[in-house]
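Here the structure comes first, spelled out in structure tokens, and everything after it is commentary.
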Amino acid sequence: MTTTLLKLIALVSMFIDHTGQFIPDTPEYFRWIGRLAIPIFIYCVVLGYKHTSNRKKYMLRLYFSGVGMAFINLGINIAYSHTGVIITNNFFATLFVIVLVIYLLDKRQVKLYVYFILWQLISTILCVLFSEIIVINFQADHLFYGAILGNIFFVEGGIFFVLLGILLYLCRSKVGITIVYIIFHLIIFTAYAKWGVVKDGIINHLFPFSDYQWMMISALPLLVLYNGKKGTGLKYFFYFFYPIHIIILFLIGINLR
């Protein structure tokens, strides 16, 4: 299974998931199907980082895509604030942070680790302070600034998805991926059972999971079927499809409410 095919499967899964998110009265199993998307996209971006000829350019493309999506979300959330429905979807920002952390790990320079940790502390404080300037929704405000500042906590999925990306990068075999992936989801399941009932404030950022998030484990067979080949590419298609489909589904959902 090529990376192109994996991305197409993830794209279809994501579209179904977001249909369930934005369109009222859709079956809950739409969200279940959507659990395939995130781990596949994370795996594909890790593969993309490994094989790209220009890693800095790859990171910048993800960063500016995340910033662009953040401003799209901000504009829509302001324009439709009267509806009570908001957009917080910005997985570009999460993928950027994953690739950034991997890049720093590859450098193996202690000073870079120190700079990163300090920046995360500073940017976390800034996200909280700046959210007092633009007040639309607690989560939306923090994720907007998180995308711009490259904050590991205030991105979609938070530090958990970043950790998953790092683990997938460090695994050098399909057996390793299988073991790590299963353990990761056991931790998610256990953590949700203990803390998942808390849905307010900062805890919702640090643990942004629904009670069916463990279903991401269903993506494992697809990950191990990867055959090491790129496929036909369609690189920029995915960058354009993501914001366009979210905007369309959001507007359809608003008009159906």
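Indices start at 1 and increase along the chain as displayed.
Glycine is no exception: its Cβ is also placed from the backbone N, Cα and C atoms.
Note that TrEMBL annotation is computational and uncurated.
Residues 3, 6-7, 9-11, 13-14, 16-21, 55, 58, 62, 91, 95, 98-99, 102-103, 157, 161, 164-165, 168-169, 181, 210, 212-213, 215-216, 218-220, 222-223, 226 of the same chain lie 6 or more positions beyond the ends of the transmembrane segment (29-49) yet place their CB under 8 Å from a CB of it. If you look up TrEMBL, you'll see 29-49 (among others) marked as transmembrane segment.
Residues or ranges marked as transmembrane segment by TrEMBL: 61-80 (among others). If you look at the transmembrane segment (61-80), the same-chain residues 6 or more away from its ends with a CB under 8 A from one of its CBs are 45, 86-90, 92-96, 99, 134, 136-137, 140, 143-144, 147-148, 150, 155, 239, 242-243, 247, 250, 254.
Feature annotation from TrEMBL assigns transmembrane segment to 86-105 (among others).
Nonlocal intrachain contacts for the transmembrane segment (112-138), taken as residues 6+ away from its ends with a CB within less than 8 angstroms of a stretch CB, comprise 74, 77-78, 81, 86, 88, 100-101, 104, 144-146, 149-154, 201. Per TrEMBL, the feature transmembrane segment maps to 112-138 (among others).
Residues or ranges marked as transmembrane segment in TrEMBL: 144-168 (among others).
TrEMBL lists 175-192 (among others) with the feature transmembrane segment.
According to TrEMBL, the feature transmembrane segment maps to 212-229 (among others).
The annotation transmembrane segment is assigned in TrEMBL to 236-256 (among others).
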Checklist outcome for this item: Best-packed against the transmembrane segment (175-192), counting Cβ pairs under 8 Å over 144-168, 212-229, 236-256, is stretch 212-229
Item to check | Long-range environment of the transmembrane segment (144-168) - Cβ separation under 8 angstroms, sequence gap at least 6 | outcome: 38-39, 42-43, 45-46, 63, 66-67, 69-70, 73-74, 88-102, 105, 119-120, 123-124, 126-127, 130-131, 134, 177, 180-181, 184, 188, 205-209, 223
